[in-house]
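First up is the structure itself, then whatever we jot down about it.
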Amino acid sequence: MGILQDLEFRGLINQQTDDEGFEQLLEKESVKLYCGFDPTADSLHIGHMYPVLMLRRFQLAGHQPIALVGGGTGMIGDPSGKKAERTLNTKDTVAYYTESIKNQLSNFLEFENVDNPATMANNYDWLGNLDVISFLRDIGKNFGLNYMLAKDTVASRLETGISFTEFSYMILQSYDFLNLYQHHKCRLQIGGSDQWGNITAGLELIRKSEEDAKAFGLTIPLVTKSDGTKFGKTEGGAIWLDPEKTTPYEFYQFWINTDDRDVVKYLKYFTFLSHEEILELEKQVAEAPEKRAAQKALGSEMTKLVHGEEALEQAIKISAALFSGSVAELTASEIEQGFKDVPSVERTAEDTVLIDLLVESKISPSKRQAREDVTNGAIYVNGERTQALDYVVTENDRIEGKFTIIRRGKKKYFLIRY
């Protein structure tokens, strides 16, 4: 099965140019393709993973991806999908973000020891040295104002306002494609559905600049959720690929909590499971949704891909411990992950009567309530029900000398830090 047939099965083609010529090109030779990533933060998030994994799919099919980091365009700001002007970052900030993103991209693509190695590029290398006269004379003259105003990325901002800075973004991205076409023989640009206008503008610039040019564009569909909320966001914010921003446990939980209505679609979009494996999981969703086999497969595949096998095993262990209440089996680092958002209090490492600990840590509102909680069996210390009113929390209750986990009731956890 060819790459296009695989993408069609997965629902990964939104729009593409010249279907027949594009398919023939992919069948005939190893094609260089690119996708751009503007450094707007010091980490990629799962929304970025979608096109990154497209580059990976093409590489696995024998093609040569170029991961383009927008060190230049990142200082301008892409108006696509934005209702208001972006806040511009400083040159130093963009440079820092660029390096961070380059490091993350290297985790998903093979840059050496393969016949079709990926390439990393930074558009600041050519945009940073571009003078205004050359830009307007050699590039700008190829873009008619009416043509640009008709593009969705610009048209959608005309009423609310768009600066010349963001208005020029389309031209800069088009120049990226031309530069990569001329110097790297890059024939294909891929991007999100909101990039169609920028991609076709780049194709038009190549057509005007290069005789008999053959270049192509492909966009992937917007990732949606059946409940109408935005994909990739939680109450805690974006789901990042950096484990310091989003722990592997949180990352795993994000995928595990996928709605039954979305899980098969996400298996197709994000994983590298075979068609047969996905169809089998789809069958299990229909026949036994309560087993959540598809969600477990999705969480495992994505966490392993981004954070590795060891982090996946940790995430599964933390999830199982929280579900069963067997939290004493967790290490300190696993507790840090699993209890990141749990109410916590700092205490000195001294022996303390449990009743006093409950009140002083505001786990129980009063001593009377604390006594009731203990005698009623509502208090657990490191997963063990504790009903003795004279129980003293000692060194033996401090996991690795750092934590004591108190549970009140079925699911209300509190973390004591030492």
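The count begins at 1 with the first shown residue.
Cβ coordinates come from backbone N, Cα and C, glycine included.
Looking at the stretches 39-48, 159-168, 219-228, the one that Swiss-Prot records under the feature motif ''HIGH' region' is 39-48.
Each residue in the domain 'S4 RNA-binding' (352-418) gets a DSSP state, and the totals come to 19 helix, 22 strand, 26 coil. On the backbone, the CA of Tyr169 (L-tyrosine binding site) and the CA of Lys233 (ATP binding site) stand 26 Å apart. Each residue in the motif ''HIGH' region' (39-48) gets a DSSP state, and the totals come to 3 helix, 1 strand, 6 coil. The Cβ neighbour count for Lys233 (ATP binding site), using a 10 Å radius and every protein chain shown, is 15.
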